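Here the structure is laid out as structure tokens; the discussion comes afterwards.
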Amino acid sequence: MKRSGDPGAKPTSSSVAGPDCCGGLGNIDFRQADLCVMTWLLGYVDPLDPSFVAAVLTIAFNPLYWNVVARWEHKTRKLSRAFGSPYLACYSLSVTILLLNFLRSHCFTQAMVSQPKMDSLDTPAAYGLGLALLGLGVVLVLSSFFALGFAGTFLGDYFGILKEARVTVFPFNILDNPMYWGSTANYLGWAIMHASPTGLLLTVLVALTYMVALLYEEPFTAEIYRQKASGPHRRS
């Protein structure tokens, strides 16, 4: 795909540490540092590029989709009745989640390759760091999947498929919500391997959407298990 913008107009490494960014290294206002970095990254990104817009939409949509559908199922049990089993209903939702995640990853990659690279990241050392982060993310995602099981990974709690006890084995014994942070590490590593400021910016959006999703998911899941502990659980 054609790259947007003029590569010759990209910010140079000297502009990052220069007086125009956060007042220089000797006078950094750390309250504004994050905003400064985001502004710097935006200098590489065309936010109106169709592939970038598609990536943003898929990143924002996916957690919204699975939370809305799972809560609707928990309230109505219509999927379980339609499929004749909460397990089949859960597996069906998982298929749509996986397909949407593949679409998100595709849009993420297309957004990166359609926009300029960052010269300071286009090095063997940075590529190795990205590969290590990608490996870490894969370990966290796969180990979370095996610890939770298929239904546990794909919101089985909302379908009435409850675990007897809290999962405390690796990686849950070292990190809360390792599936989400593993996924974020995957995207971060992928962005660094592509030397892509667009990928870095989209990774920030991935992390933010997961953080927002957790604000809704964790209390709701806790309430499901509180109800289970307070009395017999009815399964539809």
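Quick reminder: no glycine exception, Cβ is built from N, Cα and C everywhere.
Curation plays no part in TrEMBL annotations; they are all automatic predictions.
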Please verify against TrEMBL: do Trp72 and Asp176 share a side of the membrane?
yes
Averaged over the whole of the topological domain 'Cytoplasmic' (104-130), what is the pLDDT?
96
Which residues of the same chain, at least 6 positions away in sequence, have a Cβ lying under 8 Å from the Cβ of Gly135 (S-adenosyl-L-methionine binding site)?
Gly189
Sort out for me which stretch, of 48-66, 124-148, 187-216, has the most Cβ pairs below 8 angstroms to the transmembrane segment (86-103).
48-66
